[in-house]
Every structure is written in C-alpha cells, then in structure tokens.
Amino acid sequence: MKQNVSTANRTLFMDHTVLELDHIPETIRFRETQINTMYQNIRPAIRGACPTNMILQGLPGTGKTTIVKHIFKEIKETNIHILPVLVNCQIMQTEFRVFHKIYSTLFHQEPPLHGVSIMQLIDAVATKFSRTGDVILICLDDVNFLLHENTMEKVLCTLLRLHEEYPGIKIGVIITVNTIDAPITNHLSKSVNSIFRPNLILFPPYEEEEVRAIMQDRVRVGLCPGIISPDIQDTIVEKTMKECDLRLGICLLKSSADLAESDNRTSITQTDVGASLQTVREIHLQTADKVLKEEEQQMLDMTIKLIRQNGNRMNSGELYQEMEKLVPMCYSSFRRRINKYSYLGLIKINRPNIWGNTREILLRYDTHTIKK
C-alpha cells in the first residue's frame, strides 16, 4: 500500500493542460502573417463598422481554430463592443443549431431546443443588437460540415442580409475550411458570394522544423525535465509529419507520457509512442464516427471494403462506378460524402498532376483499425 501511495504522487507533468488540444498558447509561433492579416480585417469593428469577412483555409491541424480562439480571447479581454461567437459546425450541423449557438453565446442563456423557430432566434438577436452599436463577429469553424442540404448557403445568406431588415446591425463572418481542394465559395450562389466577398487567408502545413519547435515548447512547459529524449521527440515529429496534423503529435506526446507515468517509469520509451499511436488513432476514429449519420456510416463501410479490394487506393471515378452498383446515388452526393470522410481524416484524397477532376482516394489507416 505504501508503494502505491508514493508512486501515485509522482508525476511526469509540470502542466498537464499544455498538452490538451484546447490549450491556447500565449504566443502562437509560425503564424504571424495570418494573425496580422486577421487583425487588419477585424480593425474596422473597433470603430463600430463591419469587419472584413474571412476564409481561413488549410488542412486540419494547421492552426486555424487555435488562432481564432486566441484572437477571440483577446477581444473579450480588451473590447466590450466586439462580440465574438465561435460555432463548431462539426457539432452544430443544422441551420437551427447554428443560430441556437449564436443566440446562447450572445444572450448568455440557452433558448429552448423545442418550440422556438429559427426566425424567432434570429429576430431576438437582430432586434437587440441592431440598437446597441455592438459588432458581432461570428466564426463558423469547420464550415465543411454545413455543405449538406445547402446549409452553409442558408446560414450565410441570413447573416449577411440581416442589415436589410434590421438597420444598424453589424456582423462579420469568419469561416474555417479544412481542405485545399476546390474553393468553398463554389458551394455558394452568386448572390451570396456578392455580399460575402471574403478575404482568403491560407494556412500551409507546418514544416518539420516548425513542428519540432512547437513540440519542444510543449515539452518544456508541460513535462518535467529529462522525461523525453531527443530521439523520442524525433519519432513523434516524424509521426506528426506523416499524418500532416499537429494535433496528432500533441495527443501522441500526452498519451505517451500518460502511459509511462501509469507504469511508474520516469521517461518515455519508443514502446510508449507506438502503443499511444494506436490509441490516438482509435480515439480519433471513435470521435469521427459520432458525427456520421447512419447512411454515411454505411457508405463508409462500403468505401473501405472497395478500396481494400483494390490495394488500399482507388481513383474517384472508379470508386463511384462501383459504389453506384451497390447504392444508387448522384455524383454530387457521392463527392460530398467522400469529402466529409476526408475532412474527418478517415481517408486521404490526392489530386494527380493530370488534367481533369480525377482524384486518388486512399485509406489513412489500416482497414482493421477503421473497421474496429
């Protein structure tokens, strides 16, 4: 019993929160250009005018959401007349849920989930804030999840035209996009694009040395000295670069330290990293699975089976032809779902360096892990 008590008090962490995905560093490295551009676009709101609308575009794990949270936090602390609203579209996937989130953030209370219409929520927000002079700055994070049923079009059209019915209301919109393929504005009508007119801010993948520096920052603040060797850090950086997602590296670092600590060891081993990689992937897949509808999950199962039968890769045209034999659907529905699987990190889409719209689709994980 004495041994259990003493070892339970030992920890490898100096600050566990630094290795959480929702941790917002005081200084965000290697994104100075993007941050400065965003502040320039928001600056009109300080004078009580509408800010410039923005699209933050880049692959998952390139810092888009972190920077939005960083800027929104600073706005809340320094300017009472700019009201930031962060909407996680991966969770809020319907028009009603989006406006429900906007209402609850601005009024600091939850409206009923039933018995109230979208128009009632919109009217309550617009009526109040058309009179206050405040500027509402809304971020639709992971807006890709609003592409179904024309939801993104409906939400943006409502937000950007509110001033026509409610003079005095001022709204700016930021959307984050987890793809570098076709422009997200292709999914919007000409009329919405004409009033949206966003400033596009690109978030390229982090270079290897940038990933290493960011991970070292987390290690220095989050872990006790000597817990992780340079070789182990290199392994985690290598895995992070392979997945092209900084979030995986941070999760891997935390999970490896947790594993070493639970085993009463004072350092992280390569075995810890290997075991943690499998755990992190499984958690990611479980999380992704929760946002898929039943028919989307069924198509994913068929997609996995077909790609596996073809050496773990197929081009989009071949996959559609085979899929249509199993589940008749139009190509736009097929492409929308394939893009959703890509946004969730379940598959990887490569665009070969040839003419046309052919895309190569690969499984990001081994099929056993995905099916599990």
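Backbone N, Cα and C define each Cβ position, glycine as well.
Unlike curated records, TrEMBL annotations are generated automatically.
TrEMBL has this to say about the protein:
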type	residues	note
DOMAIN	50-199	domain 'AAA+ ATPase'
BINDING	T62, G63, K64, T65, T66, Y206, R218	ATP binding site
Residues in the domain 'AAA+ ATPase' (50-199) per DSSP class, helix first, strand next, coil last, are 76 helix, 27 strand, 47 coil
Candidates T62, T65, T66: member of the binding-site residues with the richest Cβ shell (10 Å): T62
What number of additional C-beta atoms lies within 10 angstroms of the C-beta atom of G63 (ATP binding site)? 22
Inside 10 Å of the Cβ of R218 (ATP binding site), count up the other Cβ atoms and send me the figure. 18
Enter the number of other CB atoms within 10 angstroms of the CB of Y206 (ATP binding site). 25
List nothing but the largest Cα to Cα distance in Å, as a whole number, among the residues T62, G63, K64, T65, T66, Y206, R218 that the record says bind ATP. 18
What does DSSP call Y206 (ATP binding site) in the simple three-state scheme? coil
Show which residues of the chain containing K64 (ATP binding site), separated from it by at least 6 in sequence, have their CB under 8 Å from its CB. L56, G58, D141, T176, N178, F203
